[in-house]
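Everything on this sheet refers to the single structure shown next.
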Amino acid sequence: MSTTSTPSAGVGREDLERLAAHWEERPSLRAWLSTVDHKKIGRRYLVTAGFFFVLAGLSALVMRTQLGRPESGLVAPQEYNQLFSMHGTAMVFLFATPMLFGFGNFLVPLMIGSRDMAFPRLNAFGYWVFLFAGLFMWASLPFGAAPNNGWFGYVPLSDEQNNPGLHMDVYALGLLFLGISTTSGAINFIVTALKLRAPGMSLNRVPLFVWAIVATAFMVVFALPALNADNAMLFLDRRFGTHFFDPSHGGNVLLWQHLFWIFGHPDVYIIVMPALGIVSAVLPAFTRRGVVGYVLVVLAIVSISIISFGVWVHHMFATGLPQLSFSFFSAASTIITIPSGVQIFAWLATMLLGRLVLRVPLLFVIGFIVTFVLGGFTGAMFAVTAFDQQTTDTYFVVAHFHYVLIGGAVFPMLAGVYYWLPKITGRMYHEGLARWAFWLFFTGMHVTFFPMHLYGLFGMPRRVYTYPNIAGWAGWNLVSTIGSYLLALGVLLTIVGVVHTLRRGRPAPPDPWGGDTLEWSTASPPEPYNFPVLPRVHSLHPTWDARTAESTGPGASADRVLSGGRRTLLTSELDARQERAVAMPESTLKPLALAGALLLGFTALLLAWYPVAVVAALAVAATLAVWLWPPRLPEQEEVGP
Amino acid sequence: MSGRSGVAAATGAEAFSAELPAGRPTGWWGMVMFVATEATLFACLLGSYFYLRFQYGPQWPPPGIEEPTLLKPLVMTAILVPSSLPVIWAEHGIRRGQRWRLRCGMAATLVMGTSFLALQATEYDEKLHMFTMTTNAYGSLFYVITGFHGLHVLVGLTMISWLLAASLRGGGFGPRRHERVRNVAIYWHFVDVVWVGILFTIYLSPRL
Ligand code: HEM
Ligand SMILES: [Cu+2]
């Protein structure tokens with residue numbers, strides 16, 4: 001089932017040495033700052049996004065402590081506004097998407113049998129921009145200048161008259177800055193999955209996780225511009241006196257909402273889809289069979305990514321738009337539950353037909369199914385316009401979307417963390433610690449958020465910093481707060497578990513679970529060049545397939561060793577026929593320099609130091625020019641950007 | 001094929017350079033996806049234009065602002081849209097190894113694009129006497145949409161001058177090495193096509 005980490009006879013010692021010489025980096029500060037290795041970048045994404053998750057979680061704990069009893073005065077209203085706004089913004093933009101990008105970065109090249117992403121330097125750049133944009137936004141909190149108008153920043157509350165100060169400038173600029181990272185990452189995933197798949201990995205052999213990442217990347221490409229346009233207009237309105245959202249001069253406040261939700265609804269799927277991909281990746285290893293209905297699941301993924309663009313108005317049922325449009329969008333919102341259901345049934349069937357191995361990743365998958373399905377039910381309730389009118393902006397909504405987001409994203413992510421920890425770190429985690437973490441997290445989650453349905457139905461509005469001592473509200477709020485501490489303990493134990501793995505974990509074999517995708521055919525952790533021989537794929541489950549092992553083993557054909565330089569293979573988009581070998585870039589400091597110049601520019605814009613912003617823009621242009629200047633090469637070959 | 005020497009022979013730098021590049025390279029896909037996301041951005045801006053216009057009421061542009069005149073924008077169109085032709089000509093040239101065509105084509109496009117920007121500057125100069133970005137939503141839309149497009153023209157021109165400079169510096173580009181030319185060409189065609197959308201939205205649609 002699994003192959004060994006020691007490369008096979010198809011590769012000579014000399015080849016291995018050459019591969020190592022080309023790909024390995026001696027540890028040094030410079031190497032650390034300049035690396036373009038997708039595995040290191042993926043790890044950084046995971047750690048940084050995890051760090052922002054902890055910060056956002058701490059904000060939530062402060063909120064829950066404040067709301068634990070009625071009329072409490074722990075935080076002032078202005079502070080509370082910033083807390084929930086930063087919490088929501090950071091969870092959605094700085095944690096959920098980047099965390100999944102982290103998994104994608106680490107795994108996509110390994111799963112498709114390539115040596116790196118299509119644009120490794122762009123990848124490094126995306127990470128630095130993400131880090132800087134995240135710090136840019138969080139840095140505003142200690143100054144009391146953090147966004148304070150919710151994660152969706154509605155005008156007119158966020159315009160200059162109603163919201164003076166830097167708060168919403170941080171929001172608009174921070175999200176624009178971050179958008180650069182998300183867009184470049186998405187394009188990179190698409191091109192990588194289209195062109196760098198191992199020979200033989202035709203579209204019907206692409207792992208479901210990769211499908212999910214690619215569909216997500218397409219959604220990012222077509223959804224994020226709406227958010228960017230929105231934020232650019234908001235910033236211009238606030239700072240330079242334009243009137244896009246100003247009704248007294250011909251603007252319109254609903255324009256913000258339309259653009260925001262044209263982005264925001266697909267964004268729900270941008271967050272959930274790759275997480276569902278993780279579920280599809282984890283299940284085969286613990287049920288000992290492939291996911292049932294591969295083609296149906298792929299169709300579901302593709303159709304969700306399309307339909308999700310047609311339903312944004314369901315976030316605006318309370319805005320007084322024409323009734324007819326409500327019917328259309330209600331219908332679309334209901335239809336999208338079908339492909340989601342298809343996936344759920346495919347997983348249930350897989351579990352029923354397979355032999356279950358109840359390890360921690362599978363526990364988290366089960367936790368995910370339970371929680372996500374509950375969240376899906378309340379979601380379907382909102383598709384009923386009349387119900388939505390009653391519950392919008394109560395805690396019922398808060399309960400719903402945490403069921404969807406924690407159920408649909410955090411549980412699968414934790415499943416993924418435990419599943420790939422041996423591959424990423426080369427060490428096994430502590431099973432007992434992990435089980436405790438799961439049960440605390442699972443219980444904490446439901447104890448926190450289930451009562452929110454109740455006091456939401458009892459009429460408690462969301463985004464209030466305190467509330468009067470009303471029967472029904474006070475008791476259940478206390479329960480929620482206790483739950484949130486349990487949940488936090490679960491997260492803490494996970495962190496402890498990861499640290500324990502790094503320090504004490506016993507060495508992991510290449511394939512501890514018997515997984516079916518190509519990453520398990522590499523060493524744990526993988527060599528810098530991933531694969532000594534680039535594999536040839538013959539089925540949907542390459543590591544379960546003897547012929548794949550042969551194609552990287554003794555009889556392997558030599559043209560896929562590619563040890564002369566940093567090289568990998570390009571294949572054709574649909575059927576992955578081998579096309580040609582390409583050189584991959586060496587490590588470089590340019591991505592960091594470019595991201596740094598951008599950080600300077602955005603900071604200067606925020607603080608209205610416009611001359612500095614101009615200097616930064618010139619620095620960006622200069623770095624780009626140097627970056628893209630064609631190297632003097634022999635005439636034959638073009639190096640990827 | 002067994003043994004190390006066989007492996008090395010098949011994987012040396014020469015092994016693949018004999019083949020002509022097959023299939024679309026990664027850079028092509030990268031540029032196409034980038035253009036796709038940029039096009040969506042323009043679609044959002046133009047969509048906002050129509051949204052605000054239809055929410056505004058019957059008179060558009062708002063009172064106090066005349067309908068945009070057509071002569072200058074049509075001249076600008078007549079300059080910008082054909083400027084894609086020299087790019088195509090240059091790209092075909094370099095595929096056959098004719099560097100002079102690359103250089104001449106890029107130079108021609110550079111001149112046309114720069115004239116477009118110059119005309120846009122005079123257009124702004126006239127319009128600014130009538131209204132500014134802060135006059136009302138119409139003004140905001142006008143300047144932000146055309147300005148954003150102008151910025152794209154500028155970026156495109158920078159890319160083209162950069163190609164020109166790189167090709168003058170002593171080659172590099174040739175029959176097997178023109179991926180960058182193709183990528184810049186895609187971007188430039190995109191900038192042209194978007195202008196047609198802007199012409200329709202900003203200049204023609206108020207007259208419909
Ligand atoms: C880890 C445990 C979490 C706790 C205890 C928690 C708690 C809360 C609370 C109490 C609020 C309501 C604030 C209010 O309306 O007054 C809230 C809002 C929110 N949460 Fe969480 N949350 C958690 C995790 C998450 C995660 C993982 C996500 C997303 C991936 C998330 C996204 C949001 C969003 C988008 C809002 C709305 C913010 C706004 O009203 O603008 N939360 N959270
Ligand atoms: Cu939605």
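Here the Cβ of each residue, glycine as well, is placed from N, Cα and C on the backbone.
Remember, TrEMBL labels are computer predictions, not curated facts.
So that you can see what the record holds, here are the features copied from TrEMBL:
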| type | residues | note |
| --- | --- | --- |
| DOMAIN | A:26-538 | domain 'Cytochrome oxidase subunit I profile' |
| TRANSMEM | A:45-63 | transmembrane segment |
| TRANSMEM | A:83-112 | transmembrane segment |
| TRANSMEM | A:124-145 | transmembrane segment |
| TRANSMEM | A:170-194 | transmembrane segment |
| TRANSMEM | A:206-227 | transmembrane segment |
| TRANSMEM | A:268-286 | transmembrane segment |
| TRANSMEM | A:293-314 | transmembrane segment |
| TRANSMEM | A:326-350 | transmembrane segment |
| TRANSMEM | A:362-387 | transmembrane segment |
| TRANSMEM | A:433-458 | transmembrane segment |
| TRANSMEM | A:478-499 | transmembrane segment |
| TRANSMEM | A:597-629 | transmembrane segment |
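By number of Cβ pairs under 8 Å, the transmembrane segment (A:206-227) is matched best by A:170-194 from the list A:170-194, A:293-314, A:362-387, A:597-629.
Between the transmembrane segment (A:268-286) and the transmembrane segment (A:433-458) there are fewer than 3 Cβ pairs closer than 8 Å, counting only residues 6 or more apart in sequence, so the two stretches are not in contact. In summary, the transmembrane segment (A:124-145) lies against the transmembrane segment (A:45-63): three or more C-beta pairs, each 6 or more positions apart in sequence, are under 8 Å. Between the transmembrane segment (A:45-63) and the transmembrane segment (A:478-499), the number of CB pairs under 8 angstroms, six or more residues apart, is three or more, so the stretches are in contact. Counting same-chain residues at least six beyond the ends of the transmembrane segment (A:293-314), those with a Cβ under 8 angstroms from any Cβ of the stretch are 204, 208, 211-212, 215-216, 218-219, 222-223, 258, 261-262, 264-266, 268-269, 273, 276-277, 280, 321, 325-326, 328-330, 332-333, 335-336, 339-340, 342-343, 346, 349, 382-383, 388, 540. Nonlocal intrachain contacts for the transmembrane segment (A:362-387), taken as residues 6+ away from its ends with a CB within less than 8 angstroms of a stretch CB, comprise 275, 279, 282-283, 286, 314, 317, 326, 330, 333-334, 337, 340, 344, 347-348, 356, 396-397, 399-404, 406-408, 411-412, 414-415, 418, 435, 438, 441-442, 445-446, 453. Mean predicted confidence for the domain 'Cytochrome oxidase subunit I profile' (A:26-538): the pLDDT average there is 93.
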